[in-house]
Amino acid sequence: MNSRITLALESAPTAIKALLSDIVLADNFDATLSPEQFASLLQASGLADDELRIALLPFAAAYSYAPLSDFYVGAIVRGLSGTLYFGANLEIAGAQLGQTVHAEQSAISHAWMKGEQGISDITINFSPCGHCRQFMNELTTAKELKVQLPQRDEMSLQEYLPDSFGPADLGVTTGLMTKLDHKHTTEETTPIVVEALAALNRSHAPYTKNLSGVSLQLTSGEVFTGAYAENAAFNPSLPPLQVALIQLKLAGFDFEQIENAALVEIAEGSISHLADTQSTLEAINPDIPVTYLAI
């Protein structure tokens with residue numbers, strides 16, 4: 001059990017402590033809250049919508065993996081379906097800092113990989129850094145997205161990022177989280193490669209055309225996938241490995257359980273994720289084999 005979940009329960013509002021315990025300690029809890037669960041918590045707590053989301057932030061931050069900074073950040077996004085998705089910052093000891101994932105990126109990619117096509121709002125412990133503001137500006141819902149911080153009035157993303165630069169400035173009309181199927185195929189039948197290819201076909205890479213996907217197989221048999229999330233400003237792009245690692249951590253698993261990995265990408269893309277994927281996985285465990293396929 002995640003001990004920080006237990007600590008979050010201890011400090012949760014008394015009126016919803018029992019209900020929250022039933023939800024977050026359930027064996028099938030996947031770091032999400034359904035619209036019905038959130039409505040029940042609203043009714044039981046007597047809190048306003050934004051107040052409840054802020055009260056839930058410690059549960060999102062409980063998923064933080066921060067061996068470098070010991071700085072735990074949580075984020076909660078609400079998908080267009082009404083489901084709430086937790087996210088938290090992720091750091092990789094031994095890898096360069098550019099491999100770090102911010103809490104906002106974590107929650108957004110969590111929602112994306114679970115099928116959401118946009119988010120309506122995001123709630124965060126701390127004011128989003130410029131990197132994350134730019135990352136969020138790539139979203140399908142960037143123009144309407146609302147940002148909620150503790151003890152602050154809700155503001156729009158565009159208020160946090162005035163005169164913003166985004167996909168439209170580069171002639172791109174499809175934002176991150178657009179439902180896509182690039183329909184690439186391969187004759188390779190290895191399950192972990194097939195899973196990585198499925199992630200590739202969902203990826204957002206309009207600038208380099210390097211559609212790519214990663215899959216991670218655990219010793220217990222579970223497989224987690226990540227699709228590449230490219231950004232108009234380039235540097236805030238989120239590699240497919242990091243997206244997969246986020247899904248793994250939010251499902252309650254550890255890096256030590258990774259047994260195999262696969263990266264599939266487009267051969268004619270103008271960049272490659274191979275070197276960074278290999279070096280980052282080597283920082284986690286140099287014995288993880290990586291299957292690579294360029295199609």
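Here the Cβ of each residue, glycine as well, is placed from N, Cα and C on the backbone.
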(message) Can you find which of His102, His182 Swiss-Prot lists as binding Zn(2+) at the same site as Cys129, Cys132?
(response) His102
(message) Are there recorded positions among Glu104, Cys129, Cys132 that sit within 10 Å of Glu91 (substrate binding site), Cα to Cα? If so, list them; otherwise say none.
(response) none
(request) Using all protein chains shown, find which of the recorded positions Glu91, Glu104 scores highest when you count other CB atoms within 10 A of its CB. (result) Glu104
(request) Please report the DSSP secondary structure of Cys132 (Zn(2+) binding site), reduced to three states. (result) helix
